[in-house]
Amino acid sequence: MISALHLLFIFIIGLVFGSFFNVIGFRAPLKQSIVRPRSRCPYCHDQLTAIELIPVISFFVQRGKCRHCKRRISFLYPMIELLTGFLFAAAFFLIGWEFELVVVWTFMSLLLIVFVTDVTYMVIPNKILLTFAAIFLVERFIIPLNPWWDSLLGGVIALLIPLFIAMISKGGMGGGDIKLFALLGFALGTQTVLLSLFLATFYGALFGGIGLLLGIVQKGKPLPFAPFIGIGTLTAYFYGEKILNSYLQLLK
Ligand SMILES: [Zn+2]
């Protein structure tokens, strides 16, 4: 049974993981170690004390500024922490104690880390993709998709279609995005990854169009695509069946 206490517990664990995803996301693209040195302010290099490392709370207590030099801390930190807490708890709520939950937490972790790297540096590091490839390989060996070869098919299709889109759109999709899709195809199977690709493109175009009208997005300046891949994949994974069924109803 899922109680409110379970959900709260997982939410808090999620906040802590989110804090770790920030460290990975901000450091990995700079080829820095994720364990050493301890967290510091990126501006004045003041080493953060335990009280400054509490997820979400520290950020708001310090009003989004470094305690030492008073410079602004990226809003991404509390946002990723809260998102991780929320998504981890939501996944548990929707799936329950199944082994599949581990796979879902894994792909959520990947999507949150590349959210940080892509928004901050416009890259999706190979090291992160390779690490998660190894984890997915083990997970899908223990609980394969049905049928098992859907992982291979999903991986290949999710490599070829984005590659084709990248070739005809010339720069609409980067190499990191393509590899990320291939990995998600392996983990989630053909149907989910195809829908995710479609939705990510749709969300990206929608956001780009509205952003251009509102003047938030500059013309010709590429948008980080990983956040849209994230939202697309979550929608496809949790609501894919519903979306496809209502689409098929429309065709009748
Ligand atoms: Zn500082």
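Cβ coordinates are placed from backbone N, Cα and C, and glycine is handled just like the others.
If one looks beyond the transmembrane segment (6-30) by at least 6 residues along the same chain, the residues whose Cβ comes under 8 Å of a Cβ in the stretch are 39, 42, 53, 55-56, 76-77, 80-89, 92-93, 109, 112-117, 120-121, 123, 125, 127-128. Under the heading transmembrane segment, TrEMBL lists 6-30 (among others).
Mapped onto DSSP helix, strand and coil, the domain 'Prepilin peptidase A24 N-terminal' (12-93) counts 46 helix, 4 strand, 32 coil. Marked as domain 'Prepilin peptidase A24 N-terminal' by TrEMBL: 12-93.
The transmembrane segment annotation in TrEMBL covers 75-96 (among others). Residues 2, 6-8, 10-15, 17-19, 21-22, 25, 55-56, 59-60, 64, 104-105, 108-109, 112, 115-116, 119-120, 234, 238 of the same chain sit 6 or more residues outside the transmembrane segment (75-96) yet have a Cβ under 8 Å from a Cβ within it.
Long-range neighbours of the transmembrane segment (102-121) within the same chain, counting only residues 6 or more positions beyond its ends whose Cβ lies under 8 Å from a Cβ of the stretch, are 17-18, 21-22, 24-26, 28-30, 74, 76, 80, 83-84, 87-88, 91, 95, 128, 132, 135-136, 139-140, 143, 176, 180, 183-184, 187-188, 224-227, 229-230, 233-234, 237. For 102-121 (among others), the entry in TrEMBL reads transmembrane segment.
Looking only at the domain 'Prepilin type IV endopeptidase peptidase' (106-208), the predicted model's pLDDT averages out at 95. Sequence annotations record features per position, and here TrEMBL assigns domain 'Prepilin type IV endopeptidase peptidase' to 106-208.
TrEMBL lists 151-168 (among others) with the feature transmembrane segment. Long-range contacts of the transmembrane segment (151-168) within the same chain, counting only residues at least 6 positions beyond its ends with a Cβ under 8 Å from a Cβ of the stretch, are 140, 144-145, 174-175, 177-179, 181-190, 192-194, 197, 201.
Cβ atoms under 8 Å from those of the transmembrane segment (223-240) belong to residues 87, 94, 104, 107-108, 111-112, 114-115, 117-119, 122, 124, 173-174, 176-177, 180-181, 184, 188, 191-193, 195-204, 207-208, 211, 217 of the same chain, restricted to positions at least 6 beyond its ends. Feature annotation from TrEMBL assigns transmembrane segment to 223-240 (among others).
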So, by DSSP, how many helix, strand and coil residues make up the domain 'Prepilin type IV endopeptidase peptidase' (106-208)?
86 helix, 0 strand, 17 coil
